Each structure stands twice: as C-alpha cells, then as structure tokens.
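K.L.:
Supplied in structure tokens, the structure appears directly below.
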C-alpha cells in the first residue's frame, strides 16, 4: 500500500512497482534487500529514494557496468556506433551489426528520448543483457533449421518409456497427464502398454503391478488432441501389446475412428518400400509401431476388404538368456532376493542357447495399421543385415545394448545407420530411474527411450539435446552415423575428429534460488561445467564456492576444454549450494548441445529439477571457441 500523506510504499507495492519495469525479480531477494533498507528504522515503508536504491542494488550489476563503460567513454549512453562495435567485437554477431544495433535499441531501450537519438542508456543495456537476445543458446537453433527430408532412420527421435506412468513402476498412478506432458515437451515416440480390460475395452497400465488402469480409448483421445501442439513432425505410438485378438480389433477401431486422417494407414507413394520416408513427408501423421503379419503390400490390399475377426500369427522368441531381454513387465525381485536364492539352490546354469519359438496371434485389423514401424525381434547384427527390411525396427534392452556399445560398436553403428533402433530401460528399474542416454546416441540409436516422469541428469541431457532444431523432436544425426560405410566408433573417433577448443569464463550468478537451509536469501553457490559426448570428451570441472551470496555471486574463473567430436557433445551448467564439506544441494541447471553455444557475453537461464524455468535465476558467462 501507499501512504497518501508521505508518498511512502510497503513491500507489496515495491514488488508491484518493480514488476512494471519489465525486468524479472525474485520475491525472496527483493524482500531481503527491502528488509535491510527498513531494518534500521521503525517503519515498514520506504521512500522513492529507497526504492531507487533497492532497484539499483538488484539490477545495476557491476559486471554489466564494467562492460558498458568499456564501450561508452562518457558512461551515460552508448551511441549506435559503439553498440555496433560491441556486437561485432564482443558478441561475434555475424548479421549486419548496423541493423542489429538499431533493432536492439528499439527493442530494449526504455527511455524514449534516448531511443530517438539512436542511443542506448545503461538501463537499455541491462535489458539487452538480460534478454533472449543475449541467451547462450543460438537463436537460429530455436526453429527447425536442419534438413528434414532424409529417411526417418537418419534422425534422433525424442522417445519416452512407460509414458503412462507419472511416478514409479510398481504402485504409481497411470495417468493421461504422462502423455500430455511428454507431447508438450516435444516427445515423438510414446509407449502404450495395452492389456485386456472389462466390457471388451482395452486398458493401459504397467502389467502385473499395482499401477492404476486407464482406458486405451482415452489415451488415444489425448494423443489426438496434443500430438502436434509442440511439433508438426510424426508421432510414433509404440504398442506394448498384451491384448487378445478380440481386444486388438477394438484397439484398431479406436485408432481409426479417433485419429481419423492423422493415422497413417498406407504408404506414401510406392507400396514396395526400399527406403523409409522423411519426417517432412510424414508431417502431422501418427504411426503405429507393433508386430505385423506379412508385408506392407499384403496388408494394404487386405484393408480394401473387411478382415473383421481374422487373425494372423507371428513367431516370437522364448527363453532368451540375456538378462535384460526378460519381459520388461515381469514381476520384480530385489537383487538381494534373487542372488540369495541362486546361491542357496545350485551354481548358476550356463546360459540357454536353445531358442524356442512361440506363436503370437495378431488381429489383422491392427496388424494392417503398421506401415513403416514394424516391430521385429532382434536376433543379431548379422541376421538383421541379411534379413531385415528397412521398415522393421528393433527394441534392445539397455543391458544388452550397453554390451554392444562396449564390444561391437562398429556393427552397432552399421545397424543403426540402416534400421530404427529403440533402447529401453531394464525392467529392474522399479523406481523408473533412467540410464545415461549419451552412450546410445553415440552409436546412432534413434529412439533412446527414457522415463520422462523421472527428473535427473539423464532427463536433463534428453531435454538439452532436443532443444536443438526448434524442439521439434527430430535431430539429424551426424554424417558419420548415417553413412552405412562409416568406420567411426565412440572409442576410436579417428579421422572423424574435428577438435574444438572451448573457453568459458564464468563471471557471475544473478538472483539464484536461495539455499533451503537459509532463513534469508543466502546460499554458498558453486558451478559445475560438464561435457557429455564420446568417452574421450567426457569432462567435469567445478568453480570455487562463493560464501553466503545467492543474489550476485562473482567468480571470474576460466575453464578450458578440447572436444574431439563436437557434433555429439552436450554441455551442462549445474549450480549447487555447498551445505557441508561432503554434501551439495541442487539449485538449478541448464544443458544444451555444444554446437548451439553462442560466442560472447551470454546469459545462462537456470532450470529446476523438473525442467521449469527459474527466471530470473541465471549465470553470466563469456564463451569463446574455435
């Protein structure tokens, strides 16, 4: 409130007045700067002079003043020529800086007379430095800029595992929100676990567990509504199908009636498919990934007649000895249980080599909806090379995939250059924890499926990687992972190395989230800067700790990295609060592709554990690479 007689204002009015100045403020920080101002007095009101002092304490950052003064000898305004020089020399802007400078003045200069004189005041400069125009993420990567006309298998595809879960896999709720939030994050491959339900209506849940059930039809309605909100590019529904042929028919009916024209039911062009279509050709289409009877051509011919009630058989493999190829939906034992039991009985038996085939019945109505994404049991790289068609895809569990990365990376890359490969977390991850997706991106796996409901470094890498290319959920793989004759492997990059020298000056932080332990607005922040990529590029460095300052910690420390394969690398900035000599607490982070870094003085926005923007919390850095 404002006191009419004295023209003084309280904390709430201070906050409201600050918000009109078009800069973001953190209430906790404002509250404590305000408290410091009034603590010496008996009143809870401040004058206009006090208000200006509070504003300056938060907004007039010393590091911005140093830069501004370096380019403005008079220290009052930057002339357009001085701003042009700053943009060219410090910000490495490549477009015509004359036009850009004027654009920045018109966009960020709050004082009209200054704007008319084509100048920028310190207030305008602060607004520019705090804006998207100064963000560390390349603006041209915020829209789709890659070639979208290559075959589907040439792209990384944002993929989620157990999309219907919003907490853990054993008793957590199944919820439609899992699908909505994944689609809104740009996810393009969703998993739907289907089981027979009552009244001949299939349901979606995590089989053999206590997770709740949702109707298959409601899941499809939600997908229909949200599929193309975040991206125009195709959505793949990966069906983990446990339904009887009768209920598979019901599924087919729901897919056709609810999705209508969005559902892909025939090939684009030639029915004899020798190459997968591109994301561009499949815009606004929803594809079904499931087992399929016979060829695409047979299925399309069949669709012209009523195949109601008809089923076909596909053979599947039983008794695979690889531990992660046990059905992901099997009931889980804790590790101790199973090892204890084993040792009590007898020594572990040698792995079973004899492969038994079992027949699975599939309703033709559903089978015929599978066009370019036919699920095919993975046998071996050799077997795929000789027998697999380009529209057949494999799902490989993380444990088995990890062994392939280690022992046969070259064959793995040769495989992923031809066939869409989906990796999924092992069934023993009862808490829906995630594996590190980077090792599978390194060998070109397209669908590296993660539990989107589980926050942590793995999801931060996923979200960071898919910020690229406009967040459309498809990222073109590097040439050496698309070329079928490539000799690249992550362990031995050889001639594919394009070394990049990167230098990051960590200057300061601004309005960081205060520590959970602080009764005021304090924290003891430190910053980790990490590179994720091929094994020899993995690197972690950390700054010193700034004691009890979350409002404006200053580091001025430089970190250097050499990266051999920048095309695969991600960089992660993580801010922590040192709560003791042995423990740190997460405050915020930001991850992005190395090749999306912009040079110059840049702001790093910070995100929470759940990926929400912690605005105005940010880091201020200087980036240089060649």
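Backbone N, Cα and C atoms are what each Cβ position is placed from, and that goes for glycine too.
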K.L.:
From 254-304, 305-355, 356-406, which range did TrEMBL mark with region 'Disordered'?
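P.N.:
Going through 254-304, 305-355, 356-406 one by one, TrEMBL flags 305-355 as region 'Disordered'.
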K.L.:
Pop the mean pLDDT for the domain 'C2' (482-608) in here, whole number is fine.
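P.N.:
On average, pLDDT over the domain 'C2' (482-608) sits at 96.
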K.L.:
Under DSSP, the domain 'PI-PLC Y-box' (366-482) has how many residues in helix, strand and coil?
P.N.:
47 helix, 18 strand, 52 coil
